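Q: Annotations for this protein, taken from TrEMBL, read as follows:
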ACT_SITE  GLU104  active site, proton donor
ACT_SITE  ASP282  active site
ACT_SITE  GLU398  active site, proton donor
ACT_SITE  GLU426  active site
BINDING   THR512  Ca(2+) binding site
COMPBIAS  1-11  compositional bias 'Basic and acidic residues'
REGION    1-26  region 'Disordered'
REGION    527-550  region 'Disordered'
Amino acid sequence: MAHAFPEDELKPISCEPQTRNRENPADIGLNDVLGNYSVTLIDSLSTLAILASDPEEQHARHALREFQAGVTALVELYGDGSEGKRCGSRACGFDLDSKVQVFETNIRGVGGLLSAHLFAVGDLPIRGYNPVWGGHGRTNVAIIWDGRFKYDGQLLRLAHDLASRLLPAFSTVTGLPYPRVNLKHGIPFHRDAEAGVCRIDGTSSDPREVTETCSAGAGSLVLEFTTLSRLSNDTRFEDLAKRAFWAVWERRSGVGLIGGGLDAESGQWTMPPLAGIGAGIDSFFEYALKASILLSGLSPPPTTTLTNPGMHDPQSYLQVWQASHSAIRHHIYRSSSTEKHPYYAQSDLLTGAPRYTWIDNLSAYYPGLLTLAGHLAEAIESHLLFSALWTRYSALPERWQPVGNMHTAGQPYIDPNFKHWAGRPEFVESNWYLFRATGDPWFLHVGEMFLRDVKRRCWTKCGWATLGDVVSGEQRDRMESFFLGETAKYLYLLFDENHPLNKGDRPIVFSTEGHPLVIPDRLRTHSRSRSNSAYGPPKESRFDAEDAPTCPAAPSPLPLTISHVANSPDLFHAAALAQLHLVPINPTRSSPLLEASGSSPGISLADIQSPSNYTFYPWTLPPSLIPPKGTSSPIQVPITSTLTFPNLNPPTADGDKRGPQIIPLGALQKVVEGVLINSLSNVRLSMVQQSKSLGMAGVPEFRIQSIANWALGRDEKVLVSREAVAAVSPADPHFTRVKDLEMVDLVVDAFGIAEEPSDGQDDDEPNVFAEWDIELPENATMDSSWSELQAMVSSLLSSALAGTPDHPTLTPVDKKRSATLNRHIIPAILPTGAGAAQLPAPLDPTTADDPAHLPLGYLPTSSIFFLDSTLCPPHRLPASIARTHNILVLKRGGCSFAEKLSAIPSFPPGPEALQLVIVLSVPESRSPGEKHMSASGELIRPLLDEVQRTPNGIERREPLAMVMVDGGEETVGWLRGAARSFGFFDEGGKLAEVKQGGLSAGVGDGEGEDGRAGLAVKRRYWFESMGVPIGNLIML
């Protein structure tokens, strides 16, 4: 205030104001933030209000006076926001010719004004401050401060003025706001940009303004704008902010990730398409979770053309956070199985494949967000690495690389272009959340380390400088407004355990700029809005309210050592990744010992020397918290393998093999499922061993993680053509094809009935194109050509029209309806036990006779009987059906598998007789555990624990082969469409048989112009390397 007010920022070294760079409008590092509206004061008002609850009464009174004086100064400069006193000595409201960033102006300006208003009127607590509204009439009601200033909501009106000047940025068809706006003129640089004159060199006299925004910038407006709308009764802000939030979420990729940059006009993600948790993305996740808290108990505003009820439901925001966290954990998280200590890096937006490994300073907020969501163990694990990095560098570099390169001898390093520390608060913010959740003193000592290092390295006689280089300690002459607005605030709250904000139990949230916000109780209801809106995650991935995580109770202190974190077995894993062992024991850091004075902060020995050593961190950790017999768990070393194939290219006419070290043109092809390999010549596959993702937990398998140095996502498949495999020796132990003795695929050609169109459309009708992503079971093979893939895609389209009910009832078809024949692949599991029988030879083809190669409508087995009942004694299957049908389809349940087979009479074997029994595992027959397995694509293996017998109890001479398939609606519909005959047991126990008919002309016997319905069995294979399966490698 003494050296820079009323300008935006202070230069702490030169003791001068920092203003906008009007000579260079392209200097967005300054101009995006500095709008010429005293941003540091506005950003710091909530910090002063928090300091006004200090336990020392003298300090509290001083902070409250400074808070009230700051409010008074703002009103004098910019007016009180009312029509009568709209102008101040500096401007009429914020009618300033300043082009600013929407995001920064919202979180610093609008958020700072709103939070200060809530403190001023008592909606946020200040110890000992009890504002009383006095006066008469509507225009005279106010809170009197010191008998002079009358506060009647000036900050709220100024926040409304400032936010209103941001609204022109929302005039896009996508709902995504433009990144910048002029506080006086709006967005003429966007509207008039196309009016420029084109020059011959390709430039323009009025070049196009940048329209790229970021997910954080567009999606982090909900807290401030909703609070403003509720306090001012102006719903425009809330509607536009929520519309922008959902506009970002709607553009998430197929793997559930959101990227950093996207164009406000086109809505397209910008290049490169990266996903992570840091810069450009961070506060979107933060506002998803915090919006669910702030909006809880609020009645939704009236629905407008911009919104629908689902966009206001707090549960929808919680579901966005949960779905985002799940995707982050799956695709962005680098686990301890492959790294010394887990961390979050950058992945491909579309596939989740790892792209870059750097960790940015802004990511340090994530442990605090995890703590708020109740994921405490993950939060502590993440925070350990940031604490270790701070211990090493006495600050956090803006970007740190945990994976070295040739220039660093493979050692981690600081990105040379991002070696500064701007005084950011995210690290100490997370530390505060974690201490509040655990009470572990380890976090207090992290805060002590932060405080001592900042005091030693950043103090100047006028303020606090940022660091241009965290290694050398070079200071930069800038103090960002968030240093006082956030960093100092969280540090203070960490050490004031009894502060009212640390004790409350209200839906108070801290914005991404550290401003406390709350919707007052008088505006809050106890009703909860429930919506079936399309907004939010898909229904199948939504979480119930009961699934919302809760923060576990703080554990009891450990005997002697007290701290659970200091005794954590992975404490040294983060130290190893940060290389704390390279820091000398008890070094004297580069700082003299100085007495506190006007030109020195006062540096003591405790500010520069560790009481233990630097592999124990934070470096301020006292020996009393170091476990005397602490044990570190071993760091996992990933098991990796590389398959390098030789030159398999055929020789040229002159006998020379072309390009012995070059992958042939067209050998690799990007497809939806992953990568298609048409030739293995000179291809290198890098693999990592991990636990099997499905089925037998803990069983190791390889996953191909990169092809020729191109990294793959965790869910991406490697599809290899039959021709490529044929060129490799089948006896090679490093690359062996193995027959699956547990799973097979049923190839089904079935008729799909096209129903008459209805007047309306069911809201629950599946999105056909969303189902286009073909999933294959674990370790499956697709022994077929691309025609099979095309048939599978077309089957998805036709099955969406089939519309089979959950429990189909057999009714004769009494009218002609058109039908189409489509091919489907149904995973099936073989039984085990004494009664299990091998597949008969006609249904167990060799590789050369792969049935998937047969044309559509010409599968070998077409006599299928669909029994729409359970087959349990005393019911018996008529012998005529067993003699005239090759395939019997029946439902699971009612009795054991062995009892079902015993209800099938004996019959003479023959080409027309029964060969296979298909059991449908319908939903009502599954146990609770099986329902969970079914949701993840697994099938439980049937047990035939005794030999097969006939209805008379005689051991069956030729046992029947059996498989079990998932009995969901889709599978039932396909098998019904392939059946020649149907049957069901009536109330008297007699079988009523119905012939398939009426589908279309000439299809009464299950045949049509394009062939007939039928079924075949296709064997599965997997690939192994030295006896270990390769989980994501599939042969076409």
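Glycine too: its Cβ is placed from the backbone N, Cα and C atoms.
Automatic prediction, not curation, is the source of TrEMBL annotations.
Keep in mind it's a predicted model, so treat the numbers as computed, not measured.
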Q: Between the active-site residues GLU104, GLU398, GLU426, which lies closest to ASP282 (active site), Cα to Cα?
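A: Of all the candidates listed, GLU426 is nearest in space.
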Q: Under the DSSP assignment, what numbers of helix, strand and coil residues are found in the compositional bias 'Basic and acidic residues' (1-11)?
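A: Secondary-structure breakdown of the compositional bias 'Basic and acidic residues' (1-11): 0 helix, 3 strand, 8 coil.
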Q: Between GLU398 (active site, proton donor) and GLU426 (active site), what is the CA-CA distance rounded to a whole number of Å?
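A: So the Cα of GLU426 (active site) lies 12 Å away from that of GLU398 (active site, proton donor).
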Q: Sorted by position, what residues of the same chain at least six away from THR512 (Ca(2+) binding site) have a C-beta under 8 A from it?
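A: THR512 (Ca(2+) binding site) has long-range Cβ partners ILE107, ALA216, SER220, ASP282, SER283, GLU286, TYR287, TYR365.
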Q: Mind telling me which of the active-site residues GLU398, GLU426 has the densest Cβ neighbourhood, counting other Cβ atoms within 10 Å?
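A: Answer returned by the neighbour count: GLU426.
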Q: Can you tell me the CA-to-CA distance separating GLU104 (active site, proton donor) and GLU426 (active site), as a whole number of Å?
A: 16
Q: Since the record lists GLU104, ASP282 as active-site residues, which of them has the fewest other Cβ atoms within 10 Å of its Cβ?
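A: Ranked by other Cβ atoms within 10 Å, the active-site residues GLU104, ASP282 bottom out at GLU104.
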